[in-house]
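Colleague: What Swiss-Prot shows for this protein is this:
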- 9-61: domain 'HTH myb-type 1' (DOMAIN)
- 37-61: DNA-binding region (DNA_BIND)
- 62-116: domain 'HTH myb-type 2' (DOMAIN)
- 89-112: DNA-binding region (DNA_BIND)
Amino acid sequence: MGRSPCCEKAHTNKGAWTKEEDDRLTAYIKAHGEGCWRSLPKAAGLLRCGKSCRLRWINYLRPDLKRGNFSHEEDELIIKLHSLLGNKWSLIAGRLPGRTDNEIKNYWNTHIRRKLTSRGIDPVTHRAINSDHAASNITISFESAQRDDKGAVFRRDAEPAKAAAAAAAISHHVDHHHRSNPQLDWGQGKPLKCPDLNLDLCISPPIHEDPMVDTKPVVKREAGVGVGVVGLCFSCSMGLPRSSDCKCSSFMGLRTAMLDFRSIEMK
């Protein structure tokens, strides 16, 4: 349920207040105080709504109301309060004695907004208008910097392709030079020879080593070349087919010796 109306609208006057109504309302409030605005019109003998009586008293008939223009100090106070409170005109009016919220609101919209704009200040945010433009310029420059970074990335991506193209050109030039001068080669005209290695696999039974006996093979070296392990003939040490004179040990026809290729020591 909503609030009941403060008066009967059928028996109330509307429109501008007359001087007689102002005098009657002023005399009643001076004698009895403000009291309840719902019952005040009937007690004062006025055919007005309680809300209309309240607004007429607060905005026009109060004895402490200030008449005339706003001072420079009041202008600065209104600007400072508006920057803190915003459009809460009733709170701003409470800090300016003798001024009403409706009066301050009208004065703000007609005078103070223009004054702040002429100073280069935004009347809504109370910040310099030039700073807003500077912020937009900073945003634009930041976007351009991002574009530059992307362009730099594209350039860095293109550098490996250029390096590969340069390497291909150098390789083509070297090949062409070798074809035109066949005598100039890395081996000075001599073909490179790979050492002959015996890649045949041999299977040998497991060897049981005595921990008390040194099992290191004895290698015979002649003129810096390893001949083989003692106990192997020359043919077996070089991986050649066995001759009729081979007396190397064997087990069920399987060779039990390991080959020694040039006695290479692996560390």
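Placed from the backbone N, Cα and C atoms, the Cβ positions cover glycine too.
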Colleague: The DNA-binding region (89-112): which same-chain residues, six or more beyond its ends, come within Cβ distance under 8 Å?
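Modeller: That would be 58-59, 64-66, 70, 74-75, 77-79, 81-82, 123.
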Colleague: So if I exclude everything within five residues of the ends of the DNA-binding region (37-61), which remaining residues of that chain have a CB under 8 angstroms from its CBs? That is, six or more out.
Modeller: 6-7, 9, 11-13, 17, 21-22, 24-26, 28-29, 100, 102-103
Colleague: Please work out the helix, strand and coil residue numbers for the DNA-binding region (37-61) from the DSSP assignment.
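Modeller: Tallied per class, the DNA-binding region (37-61) gives 17 helix, 0 strand, 8 coil.
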Colleague: DSSP says what for the DNA-binding region (89-112): how many helix, strand, coil residues?
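Modeller: For that range the per-state counts are 18 helix, 0 strand, 6 coil.
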